[in-house]
Each structure stands twice: as C-alpha cells, then as structure tokens.
C-alpha cells in the first residue's frame with residue numbers, strides 16, 4: 001500500500017466506532033476499547049464544562 005491521498009480512500013471499508021453500551025451513542029472505538037462520548041469503560045462519566053454553551057451567551061476567556 002502506498003502512502004498519501006490514494007490510501008486514504010481505502011480507510012472507509014469498516015467502522016471505527018460502534019454503539020456504546022453506557023451512553024448509546026455511536027462513539028465506542030473498537031480498537032481503543034473506549035467511548036469518545038462518555039469515556040466508558042472508565043467509572044467516571046466524561047464531561048467537561050466547555051461542552052455546553054453558556055446560558056447568557058457570554059463565554060468566559
């Protein structure tokens with residue numbers, strides 16, 4: 001297989017992410033065995049303050 005742009009078209013044969021058991025989103029990475037959305041199989045849920053927009057529309061820098 002060659003490097004570069006021609007080999008990028010061969011990447012869409014399978015799927016990297018399947019449905020997560022905990023959150024139900026299609027974000028569980030099969031090879032990494034980790035959900036990109038909720039962090040499963042970690043015990044703590046993955047959540048950050050920057051995921052949600054502020055209610056009053058102002059972002060704090």
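Each Cβ is built from the backbone N, Cα and C atoms, and glycine gets one as well.
Taking Cβ-Cβ distances under 8 Å and a sequence separation of 6 or more, the neighbours of residue 23 (Zn(2+) binding site) in its chain are 35, 37, 38, 40. Under the DSSP three-state reduction, residue 23 (Zn(2+) binding site) is assigned to coil, being neither helix nor strand. If you look up Swiss-Prot, you'll see 20, 23, 35, 38 marked as Zn(2+) binding site.
Residues annotated as zinc finger in Swiss-Prot, with sequence analysis given as evidence: 20-38.
If you draw a 10 Å sphere around the CB of residue 38 (Zn(2+) binding site), it holds 20 other CB atoms from the protein chains shown. When the neighbouring Cβ atoms lying within 10 Å are counted for each of the binding-site residues (20, 35), the highest count belongs to 35.
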